[in-house]
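See below for the structure under consideration.
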Amino acid sequence: DVSSPKHGKVDPDNMPHVGGNTWAGGTGGRDTAGLGGKGGPYRLDAGHRVYQISQAEKDAIPEEVKRAAREMGEKAFKQRLKEIQMSEYDASTYERFSGAVRRQVQSLRIILDNLQ
């Protein structure tokens, strides 16, 4: 069961972690920042294969845990904006322009990676 969202511990060796309730950047776990799990405050990709839990498990998360995770994610987002000296308006403007060319940028990255 989920209890409360948290960032989680950072693995200095960046080993893949599947399931559990400890590591930041893990997959398929609970309460920690990662991918494919439930109850975490925000998505955090450590570059490993993603193991996805079922939608039924995600739907069973209590509303108070979902609310706490959203609040923690919003707080982390605002803190990151402050660190990079961006306002929320700047972030939404950036997202609007970035979103319009996202596919083209991804295609260009693939082409450049292949050329290297």
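Glycine residues also receive a Cβ, built from the backbone N, Cα and C atoms like all the rest.
Those TrEMBL annotations? Automatic predictions, nothing curated.
Beyond its flanks by at least six residues, the region 'Disordered' (1-41) meets 47-53, 57-58, 61-62, 65-66, 68-70, 72-73, 76 of its own chain at Cβ-Cβ distances under 8 Å. Residues or ranges marked as region 'Disordered' by TrEMBL: 1-41.
DSSP states for the compositional bias 'Gly residues' (22-40), grouped as helix (H, G, I), strand (E, B) and coil, give 0 helix, 8 strand, 11 coil. The compositional bias 'Gly residues' annotation in TrEMBL covers 22-40.
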